Amino acid sequence: MAGRPGNRSQEGVYISSSPGSSDPHDPFSNAQAADPGRYYDNDSVEHYTERRDTYASDGSNAGLNDDDRYYDNGGGYDYARPDTDSEADVYEPKYAPSAESLGPPRLGISESSTPTFVDSSGGLREPYPAWSSERQIPLSKEEIEDIFLDLTQKFGFQRDSMRNMFDFVMQQLDSRASRMSPNQALLTLHADYIGGQHANYRKWYFAAQLDLDDAVGQTQNPGLKRLKSVKRKTSRNASEKSLNSALDRWRQAMNNMSQYDRMRQIALYLLCWGEAAQVRFVPECLCFIFKCADDYYRSPECQSRVDPVPEGLYLRSVIKPLYRFIRDQGYEVVDGKFVRREKDHDTIIGYDDVNQLFWYPEGIARIVLVDKTRLLDLPPAQRFMKFDRIDWNRAFFKTYYEKRSFGHLLVNFNRIWVIHIAMWWFYTAYNSPNIYNGGKSAALSWSATALGGAVATIIMICATLAEFSYIPTTWNNTSHLTRRLLFLLVTLALTAGPTFYIAIAETNSPGGSLALILGIVQFFISAVATLLFAVLPSGRMFGDRVAGKSRKYLASQTFTASYPTLKSTARLASVTLWLLIFACKFTESYFFLTLSFRNPIRAMVGMKVQNCHDKLFGSALCRNQAVFTLMFMHLMDLILFFLDTFLYIGRSFALGLSIWTPWKDIFTRLPKRIYAKLLATSDMETKYKPKVLVSQIWNAIIISMYREHLLSINHVQKLLYHQVDVGQDGRRSLRAPAFFISQSDKGLKGQFFTPGSEAERRISFFAQSLTTAVPEPLPVDAMPTFTVLTPHYSEKILLSLREIIREEDQNTRVTLLEYLKQLHPIEWDNFVKDTKILAEESAMYNGSNPFGVDEKGQSKLDDLPFYCIGFKSAAPEFTLRTRIWASLRAQTLYRTVSGMMNYAKAIKLLYRVENPEVVQLFGGNTDKLERELERMARRKFKLVISMQRRSKFNREEQENTEFLLCVYPDLQIAYLEEEPARKEGGDPRLFSALIDGHSEFIPDTGRRRPKFRIELPGNPILGDGKSDNQNHAIIFYRGEYLQLIDANQDNYLEECLKIRNVLGEFEEYSVSTQSPYAQWGHKEFKRSPVAIVGAREYIFSENIGILGDLAAGKEQTFGTLTARSLAWIGGKLHYGHPDFLNAIFMTTRGGVSKAQKGLHLNEDIYAGMNAFGRGGRIKHTEYYQCGKGRDLGFGTILNFQTKIGTGMGEQMLSREYYYLGTQLPIDRFLTFYYGHPGFHIHNMLVILSIQVFVVTMVFIGTLKGQLAICQYNSAGQLITPPGCYNLSPVFSWIDRCIISIFLVFLIAYLPLFLQELVERGTGKAILRLTKHFASLSPAFEVFSTRISSHSIASNLTFGGARYIATGRGFATSRISFAILYSRFAGPSIYIGMRTLVMLLYVTLTLWTGWVTYFWVSVLSLCVAPFLFNPHQFSFADFVIDYREFLRWMNRGNSRVHVNSWIGYCRLSRTMITGYKKKRLGHPSEKLSGDVPRAGWRAVIFSEVMFPIVSAILFVVCYMFVKSFPDKNGEQPPSPLVRIAIFSVGPMVWNAAILLVQFMVSLFLGPLLDTPFPKFGSVMAFLAHTLGVVGMIGFFEFFWYLELWNVSHAVLGLVTIISIQRAINKVFIAVFLSREFKHDETNRAWWTGKWYGRGLGSHVMSQPAREFIVKIIELSLWSSDFITGHFLLFILTPPILIPYIDRAHSTMLFWLHPSKQIRAPLYSMKQKRQRRWIVIKYGIVYLIGIGIFAVLIALPLVFRHSLRLNCSICQTI
């Protein structure tokens, strides 16, 4: 045992070992003892000269006030009103010290969170049993308490924080000491936090080269010495040696420390951590603070100080300035409210940038005080006291620019592009010798193929240039980038240069041997270069950031590239897997893609189109149409080359399935397995029969299922172990349930539970899971303590009666209770039976009608209410049961809490079963036994819910929270408590508080008194909310492990029983007895720690129809199948939500999630990447699962897709992806890429392939439509006349391409199919797939692919992870057409419609059977939202939708409307224009989101270049078609002029209408607007109608000019659409200034009233801007109007089918028609109204269809007779 420290110790002079509590200045014994003006004794005055009174109370105004402390140097904070509280009086106790005071009267029991139990013997129960005086503890609890008190007085920590951290440490020690000696427990704890091999603090200490700082000491002016990253002149060996010797010195210092000092260091670290608030997200900054504090503590001046410093000093002078810096990066404070600054990530100095300052000595050297001296120039002991004078604004800077651009894809994944594009070049160049005349010259053929190396080099050069723009040039990282760039340029010269020479030589004198040799050499150089670039991570080229020995790279290695090593078998598997995949892919691609491409190239390379002519360009453009087409075909081929990699990825990951053992005997052997795997039986005496123990576990599981109404009473009887009499002497024995025996008979299945029920699923999974290998459990009292942490924002806690039995609105058609009864019929039945029994019992007690017994009919009638709503009397105890039944089946917090509280039940159960002596000890006294079990459960498990809104809850939410606390008194709730500022205009003060069910009520407020209440530096919610919410509550977790759970999850008793096995996965059960400091690299301490253990999720909503099944299937394959394979080969990164975390590992490395707003949208995956890069292993367990709810309406699934997509876009920008992408070795990089971003990039490529392919087919279609095609007979002889064009190879290529795309799509279903196959057998798998295809799930797949790729693309260009929320309805609510249209038009309907028109042209010119697949895909882009909308095809609703659509198009022009076309149009426009800063406070301002304006670079590409390019392409096509003479041999008029007239014509027409309308409104508006409020709407309606008429008129005229030729007209239409789109986009992007937040200008335009709109000085300029806007808006409106009608026409045919609504519902919900949800009930008045609407608008709709038909059909029928003579028409 380490001796008690005397006055001297290893590391410096202690003045007193620890001040006792009798100290007169102890702030806790007497808060007012110290004179408020004189906190410091004389020897510290020189530190605080001029500032001594800062901490005094308001009375002493001698010194500077608090605000000058921050603002005296014109410093960085300029708020409207500074926070002027001088904060000393904060800490005088406002309420009596809380119950658990640490004052002098010590009870001998600590103030832990555990309520004390007084035993019958009268002795007090030890709260930390493993740390008790019987076991040789190195320090007693009181001594540890003294350490905490001493530190609190020396540094001014908060009292509550100190109590919280004391309890925290004691629980840690208790948890560890229960499985090792107390001495070892303290040692390993110190090693984990401060000094061990894997401690983050030790790693940082050496990475930031502080060992040099401390070794040199103050004697030689250390500050200047260390400015440069140390580069010694000596050989590399010397610096290594110095590092090794420093490490050894460190180890010895740690080894020689006394246990007292170790405890003090842990305590100091935790006290710093416990109050750090946002600083917890920046772990290395926290290390720096701790180091300064530790240095200060050891200094003589700290030891000789007698008076305590004021409470809260640490928060005020260390944390608050840092917090303010971080807050002001993202927010400004306006009138006391936080307002988001309009900055994007690349201008915000975020948490990661702040953190990286502390990684390098150069960074730490930048920290300066207000008086310009550097912090480093002070001796280490004095630095801490100067923290309040640091000017943080001058220290921090960006260390990585998260600019929005697609360049990140190039930098992070450059190896993917190199592998694919270079290989494609090698293949294609070799196979298209005709292009470069390679057939005649071997040298040219070698050389042209070798250019693949040049392509690879060019990709690398672009990536390096892009990297320059993401990394600040100030840091030590540009040197290796410049070196790399030079090297790449040399490589480029080597790989591309020879080609020029060879090309010239071969044209002059073909066949020279020098050229040939050169070509071959060039080819091999290229091959080597390509291989190098494809395999070597770019971070390791020229200046190895990953494994370099130079200390310059130590920090970035430590914090970003310490990847945990894989086992050799796994590594081998990983390499082999990828070699196999790419071998397969390259062979398949060569034979299937490249060779089939050879003939089309040969046919088309020399093809020049003859006798075509155009007025402007002559024959220059149209002769080369075949060449343009070929370019597109090459692009298409390249995209397919990318896509087919995924075929193999999908297959290989699917084969990574762990094959479960055969089904036959899993139940027969279940009891044995329970005994062997779940019970810690190795330590038990064998006097108890295994059967007895197992029976208790099994019966508990069955009864818990009965209590959850999953099993009926009869089933329970058959499943339980029963006691039966055997023999005469009254001996009894246990009879096992028949269930375990009769599994082999098929017929008996139904006896035990209803087939397909939840009970069957759970029991089956439990039985299956125990067949896998699991770690051995420890006995309950030795198991580690763990905490479940759940963030809660505004999720439902418990459903109210009203929510259950009342419909939300007419669209849902069903009450929640009805809906849940449909989904869980068996459970409802069991519930009702139970309730009736209960009701009868209570009736027996209360007496009831004596005659109601015998009349059968009567009793049936009586039961009706039970079956309808589950209760008869409205007494709260009955209604509450129904509420709970429903809450446990919906996504509520109550479900989560009751699920997670099963841990406590499981621990009690296991403790009771494994320790029968405890049961005997208490004899028959069940109360005491229960208390003993409770104590054990409370000691080993905590459930903390972080309710950030609790103090703002409404009454209902408060009652529900109280209900939770009453049911589960051990539940801990952390929440934010706000107090108004003590001075006018100051910031309000916020506290983190913790309560549980044992906290008493404060009489005057009626609220519970918190156990801990810790002040925060300010509002903690600075990011997207969830991570900040977790962070504020993290200080209340206890124990060694954390399970992070979302508020929509569930857990089951039988899963909770496996908790000890799961925690065993952390590999910390058996700890060696050797000290971690005895020698470095001891094998026990060498392995990289396990940071995260993943678990499976079961989506408990998968039975809600097709969409639910799709979402569940995705989760099943991604969450289970892929995670399994990924974890094995070391690529699982993200922790999903039931995952377990190694708490110390995660909290010392920046917490459990990252929190920068926007950037860390999917907060949890960053924690995974962070842990992975810092050396933590991530495992995946197969045998443990949690339930998880998903919202399953169409809109909610897509919102989820969008969130995932935008989150992925943000991840692409993040530095984590940069580090992983540029530093991982190739096999692990590929695993990471295909497991995470690759999936989404693949989605983008699938959508791109559809677009590119349709364009390619349009080009080929123009060729086929205009040229004579050669046809051959079966013998291969030409049958058509010469002068024809040989295009047949091209057509066969098209077929192959479509088949490839089709296959890539089908592969999406393969993983799910295999998963089902393995887990549920062939029949089930085929059935599930058939159901999917019958329910049109391919349409949904295409659509959701488009949604996710759109959200990534728009996020990378515009940012603003924003979408219009569609609410969390159930899957049955019907959403109206207009809302669906406005939500999905931008992402998918527009692109679908444009592609449809192109497809129409392709179909007219190029029909092959395979094109139908494209029709299906593209149609699903347009109609999927409506197809999956419940009751879309009910006739009345359809017509009412039409009315709503017309109203939506026209609303919002004379007064504001929440939901209108104009609002939708403005919202989609502002992504580009951004908003004006000025606000008027109009209600319509709220409708506009709060988004930064997109950067011009992003806009130029996506909004200007692409539309213009596509317009030009189609113009070229159209001009080609029009460049041939017609039947009479006349040359047609110039196509360019015609296209120009018809593209710009409608816009000119719109402008004319608007000008007239503007004049009319301006003169009549002010007169007519007041008497006729609809005046604006009427004007708008007239203008819009004329706009539509003009648009249709122009098209009909165009068609007439094309002599009614359909294919030409369609191609012209495609061209016109693309040109108009380009014009609109350019106008919006280039000519529009920022938008107002409100839509006053729109209404001003239509009504003509421009005054009184609050436009101020803009009133003159706005009409001109509005005129341009209105021209664009009018053409957009017309196209939306026509598109909407088009969609409705497409959706009309199904309506005519009888019973379609029924069939459609069956398809969506997979419910039998008889079980389906009833039609809504309407009142007579409503029915009349609806009938009238249907008649009126039905007629309007029919007229619409009629007009449409006439416009299309008449010209088609009479196309030969409809001819007019007009001379002008001939010229355009």
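Placement of Cβ uses the backbone N, Cα and C atoms for every residue, glycine included.
If you look up TrEMBL, you'll see 38-55 marked as compositional bias 'Basic and acidic residues'.
For 110-119, the entry in TrEMBL reads compositional bias 'Polar residues'.
Summarising the annotation, TrEMBL assigns domain '1,3-beta-glucan synthase component FKS1-like' to 260-372.
Summarising the annotation, TrEMBL assigns region 'Disordered' to 1-125.
Sequence-distant contacts of the transmembrane segment (406-427), counting only residues of its own chain at least 6 positions beyond either end whose CB sits under 8 Å from a CB of the stretch, comprise 449, 451-453, 455-456, 459-460, 462-463, 466-467, 469-470, 530, 533-535, 537-538, 582, 586, 589-590, 593-594, 637-638, 641-642, 645, 1212-1213, 1217-1218, 1220-1222, 1226, 1229, 1233, 1237-1238, 1241, 1356. The transmembrane segment annotation in TrEMBL covers 406-427 (among others).
TrEMBL lists 447-473 (among others) with the feature transmembrane segment. Remote same-chain residues near the transmembrane segment (447-473) are listed as 397-403, 405, 407-408, 410-411, 414, 417-418, 421-423, 425-426, 429-430, 436, 438, 481, 484-485, 488-489, 491-492, 495-496, 498-499, 502-503, 518-519, 522-523, 525-530, 533-534, 538, 1218 (criterion: CB distance under 8 Å, separation of at least six residues from the stretch ends).
Marked as transmembrane segment by TrEMBL: 485-504 (among others).
Residues annotated as transmembrane segment in TrEMBL: 516-536 (among others). Outside the transmembrane segment (516-536) by six or more residues, the chain places 414-415, 418-419, 422-423, 426, 442-447, 449-454, 456-457, 459-460, 491, 494-495, 498-499, 501-502, 1226 with a CB less than 8 A from a CB of the stretch.
The feature transmembrane segment is assigned by TrEMBL to 572-593 (among others).
What TrEMBL lists as transmembrane segment is 638-663 (among others).
Look at TrEMBL and you will find 1244-1263 (among others) tagged as transmembrane segment.
Long-range Cβ contacts of the transmembrane segment (1498-1521) within its own chain (Cβ-Cβ under 8 Å, at least 6 residues beyond either end) map to 404-405, 609, 612, 614, 617, 621-622, 625, 628, 1255, 1258-1259, 1262, 1265-1266, 1353, 1356-1358, 1472, 1535-1536, 1539, 1608, 1611-1612, 1614-1615, 1618-1619, 1621-1622, 1625-1626, 1628-1630. Summarising the annotation, TrEMBL assigns transmembrane segment to 1498-1521 (among others).
Annotation source TrEMBL lists transmembrane segment at 1541-1568 (among others).
The transmembrane segment annotation in TrEMBL covers 1580-1601 (among others). Listed as Cβ neighbours of the transmembrane segment (1580-1601) (distance under 8 Å, sequence separation of 6 or more from its ends, same chain) are residues 1449-1450, 1453, 1538, 1542, 1545-1546, 1549-1550, 1553-1554, 1557, 1609, 1612-1613, 1616, 1646, 1674-1675, 1677-1679, 1681-1682, 1751, 1755, 1762, 1764, 1769, 1772.
Look at TrEMBL and you will find 1681-1700 (among others) tagged as transmembrane segment.
Marked as transmembrane segment by TrEMBL: 1734-1758 (among others). Within the same chain, residues 1435-1436, 1439-1440, 1442-1443, 1446, 1592, 1596, 1599-1600, 1604, 1606, 1685, 1688-1689, 1692 sit at least 6 positions outside the transmembrane segment (1734-1758) and bring their C-beta atoms closer than 8 Å to a C-beta of that stretch.
In the predicted model, the domain '1,3-beta-glucan synthase component FKS1-like' (260-372) has a mean pLDDT of 91. In the domain '1,3-beta-glucan synthase component FKS1-like' (260-372), the DSSP tally of helix, strand and coil residues is 73 helix, 10 strand, 30 coil.
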